[in-house]
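Take a look at the structure below.
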Amino acid sequence: SFKNSLKETFFPDDPLRQFKNKTPSRKFFLGLQYFLPILEWGPRYTFQFLKSDLISGITIASLAIPQGISYAKLANLPPILGLYSSFIPPLIYAMMGSSRDLAVGTVAVASLLIGSMLGDEVNATENPALYLHLAFTATFFAGLLQASLGLLRLGFIVDFLSHATIVGFMGGAATVVILQQLKGILGLQHFTQSTDIISVLRSVFSQIHESKKRPKFFWISAMAPLTTVILGSLLVYLTHAEKHGVDVIGNLKKGLNPPSFGDFVFTSPYLTTAVKTGMITGIIALAEGIAVGRSFAMFKHYNIDGNKEMVAIGTMNIVGSCFSCYLTTGPFSRSAVNFNAGCKTAMSNVVMAIAVMFTLLFLTPLFHYTPLVVLSAIIISAMLGLIDYEAAIHLWKVDKFDFVVCMGAYIGVVFASVEVGLVIAVAISVLRLLLFVARPKTFVLGNLPNSTIYRSVEQYPTTNDVPGILILQIDAPIYFANSSYLRERISRWIDEEEDKLKSTGETSLQYVIFNMSAVGNIDTSGISMLEEVKKITDRRGLKLVLANPGAEVMKKLNKSKFIETIGKEWIYLTVGEAVEACNYKLHTCKPDATNEDSQPWNNV
């Protein structure tokens, strides 16, 4: 039983099934394929696949290069790190990832989080070297956490970030990112490091006089958001706008990723900041990457292994942090482009990485004249797609509580900070989970006319009451968290039923039947609750009857001697049989009679 419980908790997909009845050499190769899926699809790779992946890879590279530079600036990191992070991590993911459509790279939300959380401890302008080293260290710890969750089969932890939480958090983060770009759009020199909307707007309006003093070539900055990086760079180069107040990227270092494993910071007080930043950004990046991968896998009718994805994403961040990369995952915008371009396998990531490598080796000087306002425009255009107001409207229509979770995350991010918004969203989600557990549904069942079927009287108003019998359904496992509530609620149901019968002058209540079909498990507190309810019914001269308790519940009731207390003749396979037995008793003898010879069949 303990073995089965562990298996269901940590191995619900039964990943070891493929190793059964195989030779040791075959098991070894299957193990390699599990951790390196490229060994599985690589031998079947065709020229037709290559053509599709080549087009997809070049397409996403054209997006990854300007986005990478933009997001690195968002994280207050050197722009070249955005290109470094689009080279090595995609190669690692192509070997280890199970998604065919995920395009790996840096993401705006994680970049904003890194800039915000590390910026609270170290000023990126005053101490750029330490800030850079902390970013590498945070990425290392993020990868370590991600890979550990996958290896330990703890992927269900990420599920605590519900769909409503992610919608609200991403929308709030996108709003904050867009507001942050006002610095580049308006050409402001002194801008707040805070991410909340109040601080940003105060910073903008306090410097409104600066933005009115437009440089001679301000028209270039104004039209740059509508242009591509190439056109913006060309305009700056031809007009020498960088000499007239238009900020540009400047020199980008040529060459491939330099090693950075010697730059990790493991000393106090910065280690705590790096670990905290790595854990929070790692969870967010993991949730986004897996959600995006599953979305596109659903469109193409294949499955991805969440735990395997965690190991792949974690490994690419660990390796990337050793080679001057910061946090990467599978961004939605880039993956959507990859999907729409017709990618067939993860080889599109390899093509993208080769294109980035070519850029690092030969083309980085061309980005010298790229205006920062173009980078701001790129970020804004990418962020607008993350504000999913249609999903928020859908949440309002379907589930008001989910909408509250969504708006809690959004308001927390926009008006406080990214971290506060995340904490609020997770706290509300966990509160809802606790409410589900601590306040389970209980309802009265009635008989559908001309049948032996019993359903909720609220859902089916045409059901008939059974004279002298109260039928209750408990719609959740019975644990310590809800046992007190259930005891009080059941007592109230009995009081209400007795009052109703007295007011109508009908037959007095004689039997209380619990439909236990939905009670998947019970703990000792739950058993104590049933014993207390049994005493309450005995004092009132009522008989307690159980219908269809599950195997696990029966085993615990048997070991606790509760079955002996209630009497095995009062446990039945279905509600219909329990009602039939109670009706038989009502018409033949008193409800406390225990003549087993006259009992109909039961399941004990």
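Cβ atoms here come from the backbone N, Cα and C positions, even for glycine.
Listed in TrEMBL for this protein:
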- 459-582: domain 'STAS' (DOMAIN)
- 77-96: transmembrane segment (TRANSMEM)
- 102-119: transmembrane segment (TRANSMEM)
- 131-154: transmembrane segment (TRANSMEM)
- 160-179: transmembrane segment (TRANSMEM)
- 217-238: transmembrane segment (TRANSMEM)
- 279-299: transmembrane segment (TRANSMEM)
- 311-329: transmembrane segment (TRANSMEM)
- 349-367: transmembrane segment (TRANSMEM)
- 372-389: transmembrane segment (TRANSMEM)
- 409-435: transmembrane segment (TRANSMEM)
Can you work out which residues elsewhere in the same chain, 6+ from the ends of the transmembrane segment (409-435), have a Cβ less than 8 Å from its Cβ atoms?
109, 112-113, 116-117, 160-162, 164-165, 167-169, 171-173, 175-176, 194-198, 280, 284, 401, 481
Go through the chain and flag residues at least 6 beyond the ends of the transmembrane segment (160-179) whose CB is under 8 A from any CB in it; none is fine as an answer.
74, 108-109, 112, 195-197, 200-201, 283-284, 287-288, 291, 379-380, 383-384, 386-389, 391-392, 395, 399, 402-403, 405-414, 418, 421-422, 425-426, 428-430, 433
Compare 102-119, 131-154, 279-299 by their Cβ pairs under 8 Å to the transmembrane segment (77-96) and return the stretch that comes out on top.
102-119
Give the nonlocal contacts of the transmembrane segment (279-299) in its own chain as ranges (CB under 8 Å, at least six residues past its ends).
97-102, 107, 109-110, 113-114, 117, 138, 141-143, 145-146, 149, 155, 157-158, 161, 166, 169-170, 306, 309-310, 313-314, 317, 327-332, 335, 339, 419, 422
Provide the three-state DSSP residue tally for the domain 'STAS' (459-582): helix first, then strand, then coil.
66 helix, 21 strand, 37 coil
Taking the domain 'STAS' (459-582) alone, what is its mean pLDDT?
92
